[in-house]
Amino acid sequence: MNDLSLYQNRIVVKVGTSTLTNDIGQSDLRSFDRIACVLSDIQNMGHEIILVSSGAIAVGTNKLQMKTRPASMRLKQAAAAVGQCRIMNLYDKFFNDYDKTIAQILLNAEDMENEEKKENLTNTFDALLEMDIIPVVNENDSVSYTEIKSEDRLFGDNDMLSAVVAILCRAQKLVILSDIDGFYDRDPRLHPNAKRIERINVIGEEVQSLAGGAGSRRGTGGMKTKLQAAKLAAAQGIDTIITNGKHPSALYEIIKGGSVGTLFAGKL
Ligand SMILES: Nc1ncnc2c1ncn2[C@@H]1O[C@H](COP(=O)(O)OP(=O)(O)O)[C@@H](O)[C@H]1O
Ligand SMILES: N[C@@H](CCC(=O)OP(=O)(O)O)C(=O)O
């Protein structure tokens, strides 16, 4: 393949905190299991899968029996360090049930700014995928937590991280599993009559004005960062689909090119 083409069978799937934890902040084990099952099955169908997973801070907060998400950066980073172990342990357990091997990759914005590091990362992803291993990616929160620090959140949200990974790995599709069925003409939590939009070809100002912030205490970024991510991916020809993480079986339709959630069409 030449340098600009995409791997037709390569998919990056991003899953948010609100899909991996329940309303009282505990790990949603059924959700971990469903995601592991569908991704393993899709890999068995010949697709290459990269999973970008949030959840480290929320799961760490719970494991440390902190009553609420910590406010200080040092405690958030400590919670992330604890929670990252826990989520990898859960993924390992569930993927193992489906006979799959996973690998952990933790990244920071700086890793993307350095050509040598980028090349090392690409080589690692390619080698893992060649061996049918499913990489599980998160931001390396304990080293630099840009989500807390950066005002514009250009990299610091895992929505953006998933787009950056999709571009780095030249994936054909980016699927963002959220706590909502897709992108609506208004935030459905605030406007019950909001309508889901099936397809968006251009992410201009008009579309951006429809996006609100996070819908739950557990999610961060909301639709704003998902649009930023979709826009970044679209510019490299990558399709982004936003759909509900409670029903990851939607991925079967998505790989067939069916209409699920909201499609942001990639355009070069
Ligand atoms: N136009 C919109 N369409 C759909 N959801 C929206 C929109 N604007 C804001 N939202 C909010 O974005 C939330 C999803 O983002 P987020 O809270 O970051 O969750 P997650 O971590 O699961 O991705 C929804 O629950 C919803 O309340
Ligand atoms: N790196 C952080 C995730 C931050 C984040 O973007 O969360 P989310 O909005 O749930 O995708 C963590 O693992 O807790």
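For all residues, glycine too, the Cβ spot is worked out from N, Cα and C.
Database features (TrEMBL):
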type	residues	note
BINDING	Lys14, Ser178, Asp179, Thr220, Gly221, Gly222, Met223, Lys224, Thr225, Lys226	ATP binding site
BINDING	Ser54, Asp141, Asn158	substrate binding site
DOMAIN	9-244	domain 'Aspartate/glutamate/uridylate kinase'
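According to its DSSP assignment, Thr225 (ATP binding site) is helical. Most Cβ neighbours within 10 Å among the binding-site residues Ser54, Asn158, Thr225: this distinction goes to Ser54. Among the binding-site residues Lys14, Ser54, Asn158, Gly221, the residues whose Cβ lies under 6 Å from any atom of ligand 2 are, in sequence order, Ser54, Asn158, Gly221. Between Asp179 (ATP binding site) and Asn158 (substrate binding site), the C-alpha separation comes to 14 Å. Of the listed binding-site residues, namely Asp141, Asp179, the sparsest Cβ surroundings within 10 Å are found at Asp179. Long-range Cβ proximity for Met223 (ATP binding site), meaning a same-chain Cβ under 8 A and a gap of 6 or more residues, is found for Phe183, Asp187, Leu210, Ala211, Gly212, Gly213.
On a Cα basis, Asn158 (substrate binding site) lies 9 Å away from Thr225 (ATP binding site).
In this view, the densest Cβ surroundings among the binding-site residues Lys14, Gly221 belong to Lys14, judged by other Cβ atoms lying within 10 Å. Lys14 (ATP binding site) sits 17 Å from Asp141 (substrate binding site), taking the Cα positions as reference. With respect to their backbone Cα atoms, Asp141 (substrate binding site) and Gly221 (ATP binding site) stand 16 Å from each other. Calculated from their C-alpha atoms, the gap between Asn158 (substrate binding site) and Gly221 (ATP binding site) amounts to 9 Å. Reduced to three states, the DSSP call for Asp141 (substrate binding site) is coil.
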